[in-house]
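Student: Before we start, here is the structure in question, set down as structure tokens.
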Amino acid sequence: MSEMTPMMRQFLEIKAEHPDAILFFRCGDFYEMFLDDAVKASRILGITLTSRNKNADGSEVPLCGVPYHSCAPYIAKLVEAGEKVAICEQAEDPKQAKGIVKREVVKVITPGLVIEDASLSPKENNYLLALCCDGECYGLSYLDLSTGEFRVTELDGLQAALAELTCIGPREIILPVSFREEPKRKEVAHVIVDRSITYFEEWVYDPDYCKRLVANQFKGATAESLGCDRLPIALLAAGAVLHYLVDTQKGHAPHVTGITPYNENEHLLLDESTRRNLELTATLSEGKRKGSLLGLMDRTVTAMGGRKLKQWINYPLMDLKKIWLRQDAIQELMEAPGTREAMKSLLAGVYDLERLNGRISLASASAKDLSALRSSLSRLPAIKEQVAACGAGLLKELNAGIDPLDELCDLISRAIVDDPPFVLRDGGIIADGYNQELDELRAISREGKGFIARLEAQEKGRTGISSLKIRYNKVFGYYIEVTKANVSAIPDDYIRRQTLANAERYITPELKEYEEKVLGAEDRIKDLEFSLFQEVREAAAAQGERIARTADRLACLDVLASLSELAHDKGYCRPEVHEGSELSITEGRHPVIDDMHSSERFVPNDTLLDNGENQLIIITGPNMAGKSTFMRQVALISLMAQMGSFVPADKALIPLVDRIFTRVGASDNLARGTSTFDGVSIAWAVAEFLHDNKMHAAKTLFATHYHELTELAVTRPGIKNFNIAVREWNERIIFLRKIVPGGASHSYGIQVARLAGLPQAVIERAKEILVNLEKGEYGEGGVPRLARGKKVPPPSPQLSLFGAGDDQIRERLKEVEVALLTPLEALNLVDELKRMI
């Protein structure tokens, strides 16, 4: 250490305090990185890795750097790669420093604590989440530092906690260090493998310590005053988040003004599998927004509205009155398209007020941010005027909550120029006429620059040197440049400052005097402008709560306008949401598939479910016929109705439900991987259980290839059979996509295999095997013959459904239900039996 330069020792001392972060070490106009940080950063950023002067021991110091005024995209790339970045600034003016400049880390940027737009997706929240537990009670809290949103809840059991965690989708997670070792809780780390994880020691979760953190952040607030007195474990998780803020942001987050507690019973519950299968916010195959329910429904024009819509989809309501209020607002905007379009046009010019407010409160906002705030606030009176014409209760309530902040808008309009520069220290931010001292300094600067122009003309005339130039650089200030060919013509009062290959540079006493006057004024202008800008930014920060409330109201208006436009354009109906049990949908459509541009017209279907004769619907039919689509569309229509949205149907009566479960697709087949007999047995028992459990009386759509299950309608009064209508033509099938009463008589496996593109030779052989099986062609020992050969009469009658023979091949073939075979299963069966013979 003693052999290192003073600056390198300073770097290592500060780096030791932040070993898990890449240290951005401010050196003049650059952030520099050294040693391992430089090696890692240069690789991630794709920038040149060089080295500083060798240490006293002869070793080189790896080095890379980025300009401080354009560091945002570099930081964003590092954070996206999962790295933490510690910003180390110069804590004093280098000109005034005695010895090495003092430096200190002002903040640590982590994946869950970014606030700059370069690191954020406009319509996605960026959550930091903390999870802890006491026995089976799990406390969960999450914060979006960019918007100030801070929520807490408690959940019963690990699976419920994991379901909520996956719904929230945090960028970074805080866990107790004990979660590293406890086998049960290692599941958490497996679920969040693509997230940045920080582990805290157990002392961070001390209740008294967490209470102090809460009181410090929220101006003496208690658990009771925050509404968290019945959520003690969630409050510990909140304490962990606040501890992280203190550690990384020096505890400076004034726009985080409160905690919003919530209970999972306030919303329709959706587990992770249901969210995934229904493709609520991302597609199942590619994980993309486009093609999901969110992708379809999002016609919002603000980033705030986009985030709010996602929350509404993830957390459908359980309160009928709130649902009706949303429906009333959507209906009024549907019936007043002029108001809706005018409102959307005005909202489209509103910037992301939530994130602007976050950066302003964190003293990270630029002059561009204040200009965006001014532009947004200037639209509020017109928005309020449009909404004031509406009579729906929710629209009136939202409009009353929009605060125009006239005085703040006026302040920014007077203080900040229309198109301010990006770099604060370059000046040109404050408008003329805002500050008298600044105006006077600018006059001096302009006069001085005019003098320079006049002096250049004067010197050209005095010397006769037409190529004479007066120029400026940061090293020498103002100087007179004369080419070598004209040096003999210079006057005696010229003082040489620098010799170049082709020119000489001079100053004169008069030039030096004016330089001091002009440059002194320009330095003072920049300092004063920055000071005035900070005053305006602080004035805006003081209105943070008002800005946040207004932003939330605007986001809700944006969502309501979006849902209204969607319902109008797609011909959706207003569902009748009620507390009864009947679910009745007339001409219902899958919202996403109905929106796809396809050569095949979407076929709507009716649905009737209740707690009486239509509690459980068994749906049979071939693969690719539309069973999964039908089930998904019923679930999505129910979910959309409880969002308060209109739904894709001609008419809909939707009961309030507390949970939706879906297991749809090949990977979620009930009894997948079992023998046919086992599968039928399990499916039969599950259907009986769902029907007979009157405590929950779950309304159920049960799609199956087990045709035996259609017999349940005979033994259970609440079970009905339906199938997907199919027409056969010329050995081919046409899917009619219509749900009709009764069970399916065939599975059409071979026809589906043809549609799936299997080779014709395979299709023909499968047909031959199927004929042999259906006609009962047997070989020696009474085994059904799959190979080509003569037919031998069967030696004994077929065993019962759940019987089994002793012979391996006989037993295997007795299990085969031909009508249920998928193309792939048929091929696998052929291969299996060939190996057994």
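Any Cβ shown, glycine's included, is placed from N, Cα and C.
Sharing the feature lines straight out of Swiss-Prot:
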- GLY621, PRO622, ASN623, MET624, ALA625, GLY626, LYS627, SER628: ATP binding site (BINDING)
Student: Report, as a single number, how many Cβ atoms besides its own are within 10 Å of the Cβ of SER628 (ATP binding site).
Tutor: 19
Student: Once the chains shown are all counted, how many other Cβ atoms turn up within 10 Å of the Cβ of MET624 (ATP binding site)?
Tutor: 16
Student: For MET624 (ATP binding site), name the DSSP secondary structure in the helix/strand/coil scheme.
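Tutor: DSSP assigns MET624 (ATP binding site) to coil.
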Student: Work through the binding-site residues one by one (ASN623, LYS627) and point out the residue whose CB has the fewest other CB atoms within 10 angstroms.
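Tutor: Minimum Cβ neighbour count within 10 Å, taken over the binding-site residues ASN623, LYS627, occurs at ASN623.
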Student: Using a 10 Å radius around its CB, how many other CB atoms surround ALA625 (ATP binding site)?
Tutor: 26
